[in-house]
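Below is one structure, written out as structure tokens; the observations come after it.
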Amino acid sequence: SMMRERKTTDLLHSTDPLHSSTDLSEGKEKLRLKQEVGLISGVSLIAGTMIGSGIFMSPEWVLHHMGNPASSLLIWAACGLLAMFGALSYAELGTIIKESGGEYIYILRIFGSFPAFLFAYTSVILVRPAGLAAVCLSFAEYAIAPFYPGCSSPQVAVKCTAAACILILTIINCLNVRLATSVMNIFTAAKLLALLVIVVGGLVLLAKGQTQSFQNGFQGTTAGIGAVGVAFYQGLWSYDGWNNLNYVTEELKKPEVTLPRALMIAIPLVTCLYLLVNVSYLAAMTPSELLSSGAVAVTWGDKVLGSWAWFISLSVALSTFGSSNGTFFSGGRVCYIAAREGHMPDILSMAHVRCLTPSPALLFTSAMSLIMIISGTFTSIVNFFSFMAWLFYGMTISGLLYLKIKKPELPRSYEVPIIIPIIVLMAAVYLVLAPIIDQPQIEILYIVLFIFSGIIFYFPLVHFKYHPHFLQRVTLHLQLLLEVAPTTRDAN
């Protein structure tokens, strides 16, 4: 049945205009145009998706939770190592289960329908909108920072700008797929340019002897397990995207060689870049200045570039806008696959009849993101996003360990040493439990209750396939209102 499913999805990619466009988000169709993806394309795909808003926003929070520069640099290096181990584990999963849908399809094939439904339910309603809200808030911080020199921007202005960003992205993505992809490509160049300028500037400052931030670097280190866990959350947010290569496993030349090699080049490359950028921030600012900055890279620009400081604000705003567009653009994937498996309302797998974009899924994601922007701040959203993400990463990795121990005979072209997924699983357990044990927050209880609230929907609607008549009428009215139709005749 897996082969049959793969054939049908391949057929979809070749015949369905929606899929030939939406799959660009994950690099699937774009890479298929090149027929075979070599090492360089694989590396640029991983690095491009990892570098988003985090490196421009998270350094002050990692420093805040760790208490000093040296231990915060250790956290950045450890996050890179953990992302590397996670990606290598996912690489093996990708060569065993060659289907689209990331964690959702792995959980579905290994653990069955119920946990996969809980993942899709949480992902569509909370995880993806939370990621989008966090990136748009960081875009807003940078976009309006130049208008409030020397002081932090008012929260109302930040939230209104972030909401405007989401609305613009909704319009771009619902109207035209080509426009959305070209926006993504242009903005990727901006983020790399901004990071290179910061790295070079930092090296110049170090050469001039500005090393005061690194003297007595370990003074005042925080020892609490919860604080270290939350610092990890903020750091790992910057590395998020390490699992995206799983969407193109089938397109790689010799995946068993290229996939691990691409990971082993891209993730250490991004890690070194992030460490150098952090060193550069600390060379230009004292730790207390870094902690009081709302937008670290802008403060760095004011100190180092002088009258050219606007360049950093502009580059970072473009970079974060581009990565929020990428996050938004890939939004239809889990929605579509879950709807195809019968785990989501039909309406979420439909496409606009003229624009051929998955507009219901996009509109739903933007509505949930707007609610999060109104109710939360950048750090709180990142912490909750990370808590949920690592809960499901841990589940996926435990699935890999199950396959390694119970099903060693399954054909796999690449195998990761068993110690690596064990380390990732231990880290995932730590990241999920540490903040709960150290500083229990009522919000985490709400998240867990939310995940299990999926049971209310699962048994009547999915397990017993009970479809009330009024729901079908609502779907029909929404179809007429949004001008959407099912993507294929047999989507469910």
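Cβ atoms are placed via backbone N, Cα and C, with glycine included.
As annotated by TrEMBL, compositional bias 'Basic and acidic residues' applies to 1-10. What TrEMBL lists as region 'Disordered' is 1-26. Feature annotation from TrEMBL assigns transmembrane segment to 37-58, 70-91, 103-124, 160-180, 186-207, 262-284, 304-323, 360-378, 384-403, 415-437, 443-464.
Below 8 angstroms of C-beta separation, residues 46, 50, 59, 62-63, 214, 217-218, 221-222, 228, 231-232, 235-236, 238-239, 242-243, 245-246, 249, 259-260, 263-264, 267-268, 270-271, 274-275, 278-279, 393, 396-397, 400, 414, 416, 420-421, 423-424, 427 of the same chain, each at least six residues beyond the ends of the transmembrane segment (70-91), sit close to that stretch. Taking Cβ pairs closer than 8 Å, the transmembrane segment (384-403) reaches residues 86, 89-90, 92-93, 96, 103, 106-107, 110-111, 115, 119, 122-123, 126-127, 130-131, 134, 233, 236-237, 240, 243, 376, 410, 418, 421-422, 424-425, 428-429, 431-432, 435, 443-444, 447, 451 in its own chain, all 6 or more past its ends. Between the transmembrane segment (103-124) and the transmembrane segment (304-323), the number of CB pairs under 8 angstroms, six or more residues apart, is fewer than three, so the stretches are not in contact. Taking every recorded stretch in 186-207, 262-284, 304-323, 415-437 and counting its Cβ pairs under 8 Å to the transmembrane segment (37-58), the highest total belongs to 262-284.
Between the transmembrane segment (186-207) and the transmembrane segment (304-323), the number of CB pairs under 8 angstroms, six or more residues apart, is three or more, so the stretches are in contact.
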